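One structure is given below, encoded as structure tokens.
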Amino acid sequence: MKVHLLKSKIHNAIVTSGDLEYEGSITIDCELLEKADMIPNEKVLVVNNNNGERFETYIINGVRGSRVIQLNGAAARCALPGDEIIIMTFCEIDAEESREFKPMVLIVDRNNNPKRRHRIGEEDEQLD
């Protein structure tokens, strides 16, 4: 049997901009993607901590070091610049493997600088 689990998340990211004219997606600084164990084109669930909105989209690589978290297309209507969001990816694995699987959590500051990360159930790794 397969189960769906949290694979990784970027916690408390701040939306930096939006582009309604773009076809869709969320643009994320590629350095943040690497630290959070996420990849371009991966499906994400985004939760807006300011208004409770939840939506799905996919990732586009942003410029390294830019700290960009930009919502594109219709997603730009779901959060405004300055809103705090959580960006999550999920995976499907065998139920047996799920007992050992530990999602990656990247925590960022108000400027989207990576502060620390950890696999759930393990010690934090300080990044600043």
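Any Cβ shown, glycine's included, is placed from N, Cα and C.
Database features (Swiss-Prot):
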ACT_SITE  Ser25  active site, schiff-base intermediate with substrate
MOD_RES   Ser25  pyruvic acid (Ser)
BINDING   Thr57, Gly73, Ala74, Ala75  substrate binding site
ACT_SITE  Tyr58  active site, proton donor
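Recorded features from Swiss-Prot, shown on the structure.
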| residue | record | CB count, 10 Å |
| --- | --- | --- |
| Ser25 | active site, schiff-base intermediate with substrate | 19 |
| Thr57 | substrate binding site | 19 |
| Tyr58 | active site, proton donor | 14 |
| Gly73 | substrate binding site | 16 |
| Ala74 | substrate binding site | 13 |
| Ala75 | substrate binding site | 24 |
Environment of Thr57, Gly73, Ala74, Ala75, the listed substrate site - residues of the same chain whose CB lies within 8 A of the CB centroid: Gly24, Ser25, Ile26, Phe55, Leu71, Asn72, Ala76, Arg77, Cys78
Distance [Cα-Cα, Å, rounded] between Gly73 (substrate binding site) and Tyr58 (active site, proton donor): 11
Rounded distance in angstrom between the Cα atoms of the residue listed as 'active site, proton donor' and Ser25 (active site, schiff-base intermediate with substrate): 5
Secondary-structure category, per DSSP, in which Thr57 (substrate binding site) falls: strand
Cα-Cα distance linking Ser25 (active site, schiff-base intermediate with substrate) and Ala74 (substrate binding site), given in Å to the nearest integer: 8
Ser25 (active site, schiff-base intermediate with substrate) and Ala75 (substrate binding site), distance between Cα atoms, whole Å: 7
